[in-house]
Amino acid sequence: MKFSYNWLKELVEFKESPEELSNLINTHITEVETTSNSDSGYNGVIVAEILEINNHPNADKLHLVVLDVGLGRKVTVVCGANNIAIGQKVPLALVGAKLPGGEMKAAVIRGVESTGMICSGAELGLEKKSDGILVLDKKASVGRPVQEYLEVPSDTIIDLKVLSNRPDHLSYIGIAREIAAVLGKDFSDQAKSWSYKPDPSIKTAAYVQVEMPDPKICPKYLTRYVSHIEVKESPDWLQNKLISSGVRPINNIVDISNFVMLELGQPVHAFDANKLTKVSLLRHPGIVQDRILDSGVASGAPQNDEKAQIVVRRAKSGETMLALDGKNYALNPEVAVIADGSGPIALAGLMGSEPSGVTDLTTEIIIEVATFDPVTIRRGSKSIGLATDASMRFERGLQPPLADIAMTRVLNLITQIIPEAKIADGNAEYAAKFTPPPPIICAVDKLNQLLGSHITAKDIGQIMTRLFFDVKSNGKTLTITPPVWRHDIKELADIAEEIVRIWGIDKIVPVLPVAQMVAPAVNQKLIKINELKDFLVQCGFSEAPSHSFIGEEWGSKVGIKLDERLKIANPLNQQWTHLIDQLWPNLLEFAAKSQAKELKFFDIATVFSLLTSRYSGLADRHSGEPRPGQVTPESYHNQSIRSWASQDDETRNTSSVQDDAVRHKHDNEGLPIETTTLAMLVVSKQDAYRILRGVVELLSRDISKLKFVSLSSGQNNAYVNSLHIVADKEAIGIMAEINPQLADTLDVPVGTVFAEIDIGKFVSLTQSAIKYQEISRFPASQFDVSVALDDKISAGILIDEIKLSSILIQSVEVIDVYELPGGGRSITLRVVLQSDAHTLADAEIKRLNTADISAKLPSCRRRGEGRREYRFP
């Protein structure tokens with residue numbers, strides 16, 4: 001915003017030069033963007049008279065204008081303005097003139113030389129935007145410098161950058177108040193001297209009624225009726241003040257409203273009272289009286305049966321309004337409007353309408369001063385692409401008490417400038433309850449510790465008092481209450497900022513921080529993830545980064561019920577409507593699209609579940625049936641999500657699933673559990689199951705007692721032959737084969753396998769100390785056994801069953817596989833036996849070699865067949 005040095009000097013008594021004042025503002029208040037002399041835009045600009053207007057020979061929209069510049073001299077310029085006429089007195093910038101946009105030079109325009117330029121108000125810096133040239137009074141003397149004609153005193157314009165949390169900096173009084181605080185000068189409350197005399201025989205409530213259907217839009221709305229108005233030019237002092245701030249004078253009513261906006265930072269608008277649609281109270285007896293807030297209506301006072309009805313509401317879809325800038329705006333519910341019975345008469349906080357605006361014929365006005373919701377104004381401004389000086393102030397958040405001060409000032413100026421005007425008594429208004437800023441407790445020692453300073457409580461109190469804060473001292477503690485215009489002050493840090501800003505940051509002695517240097521915590525999880533990625537790449541895997549979503553189309557193909565997953569409220573598209581709780585479907589999608597017969601994919605990403613553990617309850621299911629209430633990995637999230645979804649909000653937050661296999665997250669947020677997961681998928685012509693299991697074992701070489709535990713129940717439509725990866729009696733993952741029927745449907749090779757591992761648990765287990773286990777003093781024995789298996793039985797299942805058959809078995813590994821001519825295969829296993837208590841006898845070895853292993857084959861066959869019987873729909 002541009003500020004006049006002369007105007008600021010009227011508000012605060014100081015001796016600083018413009019340069020010194022700019023430095024002071026830049027150091028203590030806000031950033032100074034530019035400074036300039038007010039007469040810099042008039043050097044070389046004189047008053048000229050238009051003598052002739054001829055068409056340009058080479059351009060239809062341009063004219064050749066001959067002007068008298070005095071002393072019998074004439075010049076010809078090229079001009080494209082539409083409002084030029086013979087006999088007009090206009091500002092002419094001669095060659096060499098220094099304008100705000102640069103130095104004027106002679107130019108050839110479409111083949112014709114132009115030795116000057118007829119200026120608009122914007123080109124002279126008098127206004128922000130102009131529709132044509134600036135036409136001067138006919139009495140202006142030809143050849144006279146425009147600066148003398150306009151009687152613009154020499155001034156310095158200081159352009160300040162205003163932060164979003166300081167709406168008070170968008171006013172002269174706001175900046176003057178800050179200057180006074182920095183210089184230690186007195187700043188009197190000028191509002192106490194503003195007065196006006198209303199006519200007690202005229203009541204605003206008799207002419208205006210205000211309705212507020214949505215109080216959130218506008219916490220305060222004031223109107224005042226004024227009659228006997230004569231619209232004319234403003235006095236010179238008012239015009240000069242507006243021009244110095246870059247505002248174009250229009251007429252006395254509009255100029256008063258703009259002046260108050262500049263002075264106080266509160267936008268003001270005036271309607272032509274005779275152009276507003278009236279409503280008859282007699283014909284509308286159903287008007288809710290408590291929504292029509294009349295102030296100052298005496299009992300028995302004469303009432304008109306018609307009033308101007310003003311409603312502050314949101315725009316309706318399809319509504320339009322012709323604004324004062326001449327543009328017709330299509331409105332939507334994002335925009336708040338001021339409306340009468342016929343429709344919108346103003347865009348709230350933005351701009352008035354042309355039909356309801358003040359003109360030279362206006363004799364009665366309704367003054368509007370309001371406090372609008374900043375969010376509503378910001379959204380409305382963006383939705384229709386209209387930003388104004390008023391919206392810039394409302395978007396930063398104005399406080400309701402300022403509206404009363406602004407109304408008083410407007411009426412005070414009307415009394416001065418239009419003495420014959422009659423001001424009605426009282427406002428027609430709406431006013432919500434206003435809550436002033438709460439006090440802040442300021443401990444002096446904490447504030448000094450925060451700033452690294454040694455400011456006394458007395459100095460703090462003086463500085464804050466100069467800033468119009470209310471200060472109450474209680475020894476080393478101060479109770480500081482911000483003024484109503486400082487809604488950004490909410491805590492001790494804000495007080496500290498104000499103190500150091502006024503006191504001077506240069507007074508704080510720079511001291512190097514004294515602190516114990518502590519090495520940053522090592523992120524073991526991230527380190528392990530990087531190690532895993534490097535290892536998998538060395539094993540021939542390719543990383544296939546995926547997203548965290550799944551949709552109905554792919555979910556139905558892989559047999560996943562999306563109604564049992566977490567649904568996204570605002571999905572990016574229909575392919576990504578739910579959050580994933582497993583990664584293998586994404587890797588399977590890559591495999592299906594690839595159509596390759598040899599693939600090794602992996603991904604490390606976050607999955608989302610409503611459970612605190614994805615694999616709990618599987619670790620100690622080594623044999624026999626599951627414990628009562630225990631669930632399998634294939635069914636755990638289906639059961640839990642159905643249970644969670646069937647509860648109301650209160651039950652979800654307070655109930656507890658008394659099952660140590662699966663537990664819901666219990667908090668007030670109801671957020672899902674996020675788990676970092678490693679997923680691997682192998683497609684191979686060889687034994688993919690064996691390949692992937694070997695990779696998992698190598699990954700887990702630092703984890704003691706890693707086991708692969710299989711279940712005889714809880715199969716899944718999407719996969720079969722599932723093994724659950726268990727370490728230290730805790731399930732950390734799952735490994736399984738894609739259901740052959742699903743593989744055929746997706747056209748991926750039968751035998752495709754995947755594995756998923758919970759990275760968090762994996763890292764915690766690898767970090768745990770390896771417990772010392774005494775090496776047996778007795779020799780180990782080993783034997784090889786060959787077993788004929790059909791295709792329905794997995795070697796992994798047999799190995800797991802053999803390991804669980806005796807505590808003497810230390811390891812079982814496949815050393816040879818032979819495909820039988822008639823189908824099936826012969827697998828040779830090497831079994832290592834060892835006891836910690838004695839040397840094994842031949843009889844013990846023979847018994848394990850024959851009876852125990854043979855006894856596992858029927859169990860393996862039943863389990864293998866059970867998986868194959870699980871049919872994919």
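Just so you know, glycine gets a Cβ as well, placed from its N, Cα and C.
Annotation source TrEMBL lists Mg(2+) binding site at D488, D494, E497, E498. Annotation comment: TrEMBL describes 632-646 as compositional bias 'Polar residues'. Per TrEMBL, domain 'TRNA-binding' is recorded for 39-147. Sequence annotations record features per position, and here TrEMBL assigns domain 'B5' to 435-510. The domain 'FDX-ACB' annotation in TrEMBL covers 776-868. The feature region 'Disordered' is assigned by TrEMBL to 618-668.
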Secondary structure composition of the domain 'B5' (435-510) [DSSP: H/G/I, E/B, coil]: 33 helix, 14 strand, 29 coil
Confidence summary for the domain 'TRNA-binding' (39-147), mean pLDDT rounded: 89
Other CB atoms within 10 A, centred on D494 (Mg(2+) binding site): 16
Helix, strand and coil residues within the domain 'TRNA-binding' (39-147) as assigned by DSSP: 5 helix, 57 strand, 47 coil
Around the Cβ of E498 (Mg(2+) binding site), the count of other Cβ atoms that are within 10 Å: 19
CB-centroid shell, 8 A cutoff, Mg(2+) site D488, D494, E497, E498, site residues removed: R486, I489, A493, I495, A496, R501
Spatial neighbours of E497 (Mg(2+) binding site) that are distant in sequence (at least 6 apart) but have CB under 8 A: none
Distant-in-sequence Cβ neighbours of D488 (Mg(2+) binding site), under 8 Å, six or more positions away: N165, R166, D494
